[in-house]
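These notes concern the structure reproduced below.
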Amino acid sequence: MSALVLKPCAAVSIRGSSCRARQVAPRAPLAASTVRVALATLEAPARRLGNVACAAAAPAAEAPLSHVQQALAELAKPKDDPTRKHVCVQVAPAVRVAIAETLGLAPGATTPKQLAEGLRRLGFDEVFDTLFGADLTIMEEGSELLHRLTEHLEAHPHSDEPLPMFTSCCPGWIAMLEKSYPDLIPYVSSCKSPQMMLAAMVKSYLAEKKGIAPKDMVMVSIMPCTRKQSEADRDWFCVDADPTLRQLDHVITTVELGNIFKERGINLAELPEGEWDNPMGVGSGAGVLFGTTGGVMEAALRTAYELFTGTPLPRLSLSEVRGMDGIKETNITMVPAPGSKFEELLKHRAAARAEAAAHGTPGPLAWDGGAGFTSEDGRGGITLRVAVANGLGNAKKLITKMQAGEAKYDFVEIMACPAGCVGGGGQPRSTDKAITQKRQAALYNLDEKSTLRRSHENPSIRELYDTYLGEPLGHKAHELLHTHYVAGGVEEKDEKK
């Protein structure tokens with residue numbers, strides 16, 4: 001299998017015409033005749049969602065079905081029902097450590113594969129791991145960071161691809177960006193979030209591989225975040241420009257899934273370990289880290305460092321960006337691989353920096369041309385300055401310092417929820433003040449136990465690029481895996497529509 005090769009000087013447009021906003025017609029509610037589950041809310045344990053007979057006799061609901069109810073209605077159809085669609089599900093990293101809490105157990109007390117088995121018993125046709133989407137995100141985001149760095153070292157940065165670069169996988173951060181900091185939009189990675197990348201692959205790559213029309217598929221996500229449905233509902237996240245055919249149909253939170261398991265009498269702790277379905281069931285330890293603050297940064301550096309230097313990052317566990325501090329920062333020195341384009345660029349870095357200083361891209365954040373050149377010929381490499389903002393309050397503080405020129409970085413991670421996704425609004429509530437630290441520790445443990453700990457070493461990711469996508473940041477990857485943002489924000493749809 002061929003190795004993935006970054007081409008830093010390729011003429012790549014990160015934001016293309018495929019990202020034009022489209023007018024979207026409202027989606028019609030699911031026909032009442034197909035509803036075979038109780039329409040009670042998940043908070044009403046007296047009525048079992050699995051009681052199909054009672055549900056069939058119940059009167060039709062006047063209000064549109066929620067996304068949870070629509071997903072369960074599709075699963076309730078018999079497998080041989082010609083109207084039943086092929087229902088796929090994916091599970092986010094933070095869900096696997098918190099779902100045990102819905103059973104009254106400690107974070108991480110049930111295994112990810114027990115969760116996969118539980119989902120299969122709910123009737124899902126294929127069970128995928130969002131870790132695959134996280135690894136795919138790292139391939140694109142790490143490549144985008146190095147692409148932007150290359151453009152700046154060559155002293156001809158594009159006005160829509162400036163540095164520093166911010167991460168893009170948190171919908172809470174993106175919402176604040178669009179409404180409060182629209183002038184920073186060009187600085188944000190154009191990569192979709194892991195859930196949206198995996199969903200796009202399911203309704204393109206997987207659909208072609210299995211010979212299933214996307215219209216005959218339903219994609220469901222199990223997420224720790226209450227904003228993930230509004231992310232999925234963005235108008236342009238559709239298939240083949242058809243606004244009624246969504247890449248991702250329904251999002252269920254950790255708490256909602258725990259309630260469904262209880263209603264169905266499924267005790268995860270007693271289940272045997274199942275398996276994730278391939279080709280999107282393989283993920284790395286780096287992907288696991290997406291579930292906590294600092295994790296996206298750490299995962300990205302594991303790949304970006306190796307793409308730049310040609311050697312693995314010496315220390316995989318970066319304590320400097322771990323933990324619960326509000327703002328975390330560190331420097332990573334990267335010496336380019338001998339004979340690489342980066343080595344050539346760094347040899348001429350003095351002229352590039354002078355040019356960047358004199359004619360740098362105007363904007364709210366000024367990039368200073370890079371730091372850490374330790375010798376005149378550039379052999380000392382470059383120091384990548386990174387920062388992590390834990391929560392939106394700390395993000396505002398960090399951005400203010402950057403705008404004032406008091407802090408200079410090359411790469412910044414922002415997560416809206418304190419502690420990151422493990423502290424998301426869709427996670428179980430707890431009176432334990434240390435619960436997010438315990439969930440974070442459980443994720444670190446999963447990373448440590450992983451056979452694969454770098455996203456670019458995932459064989460399924462390599463196969464995807466070899467057989468379908470081409471190269472990171474290539475045309476097809478851009479069309480399917482990248483997005484755009486809207487100054488002022490987008491109108492969020494009613495959750496039930």
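Just so you know, glycine gets a Cβ as well, placed from its N, Cα and C.
What TrEMBL annotates here:
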MOD_RES   C88  cysteine sulfinic acid (-SO2H)
MOD_RES   C169  cysteine sulfenic acid (-SOH)
BINDING   C170, C225, C417, C421  [4Fe-4S] cluster binding site
MOD_RES   C238  cysteine sulfenic acid (-SOH)
DOMAIN    430-489  domain 'Iron hydrogenase small subunit'
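C417 ([4Fe-4S] cluster binding site) sits 12 Å from C169 (cysteine sulfenic acid (-SOH)), taking the Cα positions as reference.
Surrounding the centroid of the Cβ atoms of C170, C225, C417, C421, where the record places [4Fe-4S] cluster, the chain contributes additional residues within 8 Å, namely A94, P171, G172, P224, R227, M415, A416, G420, G423, G424, G425. Cβ neighbours of C421 ([4Fe-4S] cluster binding site) (same chain, under 8 Å, six or more residues apart in sequence): A92, P93, A94, P224, C225, F290, G291, T292, M415. C169 (cysteine sulfenic acid (-SOH)) sits 18 Å from C238 (cysteine sulfenic acid (-SOH)), counting Cα to Cα.
Helix, strand and coil counts from DSSP across the domain 'Iron hydrogenase small subunit' (430-489) read 36 helix, 1 strand, 23 coil. Note: the Cα of C88 (cysteine sulfinic acid (-SO2H)) and the Cα of C238 (cysteine sulfenic acid (-SOH)) are spaced 16 Å from each other. Within 10 Å of the Cβ of the residue listed as 'cysteine sulfinic acid (-SO2H)' there are 24 other Cβ atoms, across all protein chains. In the structure as shown, the Cβ atom of C238 (cysteine sulfenic acid (-SOH)) sits within 10 Å of 18 other Cβ atoms.
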